[in-house]
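Annotated features in Swiss-Prot:
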{"type": "BINDING", "residues": "R23, Q24, A25, G26, R27, D72, Y149, S204, H318", "note": "substrate binding site"}
{"type": "SITE", "residues": "D72", "note": "site 'Transition state stabilizer'"}
Amino acid sequence: MNDTFLKACRRENTPYTPVWLMRQAGRYMAEYMEIRNKYSFLEMCKTPELAVEVTLQPVRKLGVDAAILFADILLPLEGMGIGFRFARDEGPVIENPVRTIVDVKKVRVITPEEDVPYVLEAIKILRRELAGKVPLIGFSGAPFTLASYIIEGGGSKNYIQCKRLMWEAPEAWHELLGKIAESTVRYLKAQIAAGAQAVQVFDSWVGTLSPEDYEKYVLPHSKYVFDNLKETGVPVIHFANNAGSMLELVAAAGGDVIGLDWRVSLDRAWQTVGFDRGVQGNLDPVALFAPKEVIRQKVKEILIKAGKRPGHIFNLGHGIHKETPVENAQYLVEVVHELSSLSYEQLLEA
């Protein structure tokens with residue numbers, strides 16, 4: 001079995017730096033589009049056989065060191081009593097946004113086996129199909145990011161409704177985030193029970209907050225999630241996008257591995273979160289549109305900053321873009337494996 005990813009999560013030595021890509025199963029791949037042209041996005045998520053096939057495509061095509069379940073962070077919402085749909089080119093639309101204490105009271109905590117059985121079934125099939133070739137990562141949204149969709153009614157630039165509820169009705173805010181946090185714990189524990197060998201918690205939009213607001217309104221709920229996952233013994237990755245101004249707080253919330261975006265310098269960020277945990281990242285996803293020699297140089301720079309310290313997982317600083325040339329994604333995996341196999345002295349000369 002290729003267990004380099006799991007070893008890196010535990011900060012053990014590996015022969016090379018493991019690499020996988022956020023959103024690695026996606027629209028930049030022709031194989032994905034063949035399926036996507038026949039089915040809606042939600043049909044793909046809710047049909048285990050399709051989710052399995054799409055999860056496996058980048059493992060076969062790119063040679064990545066981990067598979068990540070094909071799903072969406074909003075899937076648990078239906079079980080919480082919140083309807084949503086995906087509008088073409090618009091992203092998710094929440095049908096009944098939560099904006100008052102009355103709305104919050106109606107939100108339920110999920111029962112994963114009843115509410116998202118298709119996710120758990122896909123994980124079970126994937127473990128059989130992967131047959132130990134690479135580990136399988138499960139995932140969920142973080143409490144703040146899920147709350148931002150639920151309150152705003154979809155994606156947002158300024159998060160006005162979200163921040164308004166947070167500041168005007170803190171009791172309602174904390175009750176809502178408490179329910180989301182408990183749902184997240186149940187969801188991830190169910191994924192782990194079904195066979196996920198690591199999980200990632202995506203806090204994609206938390207960068208909209210000041211460090212003070214994060215600490216007061218979000219950190220306790222994120223910490224609840226990470227504290228409750230410790231007993232599973234499975235590595236947990238905490239990815240907080242655009243959170244360079246509050247990495248100490250993100251690390252305080254928890255996670256065995258802290259995911260970094262490209263806006264921070266990996267060496268300084270690792271020092272900030274502490275060498276007692278791993279880091280994941282952190283190539284700018286747009287670098288995959290650059291010439292191969294530029295990709296190679298950027299990979300080299302990141303690996304030098306990691307300094308051959310055990311516990312680095314190579315990834316992009318956010319999801320891969322849909323227009324990315326697939327051959328550049330393949331090249332990225334090759335060059336990470338090649339350069340990270342060198343000694344530090346050889347890497348400097350490469």
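Cβ coordinates are placed from backbone N, Cα and C, and glycine is handled just like the others.
Given the structure is predicted, the values throughout are model-derived calculations rather than measurements.
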(Q) Using DSSP and collapsing to three states, where does Y149 (substrate binding site) fall: helix, strand or coil? (A) helix
Q | Rounded distance in angstrom between the Cα atoms of R23 (substrate binding site) and D72 (site 'Transition state stabilizer') | A | 10
(Q) If you count other CB atoms within 10 A of each CB, which of R23, R27 wins among these binding-site residues? (A) R23
Q. Looking only at R23, Q24, A25, G26, R27, D72, Y149, S204, H318, the residues listed as binding substrate, what is the longest Cα to Cα distance in Å?
A. 23
Q.
I want to check the contact list for A25 (substrate binding site): same chain, sequence separation of six or more, C-beta distance under 8 angstroms. What comes out?
A. Y32, V54, T55, Q57, P58, I68, F70
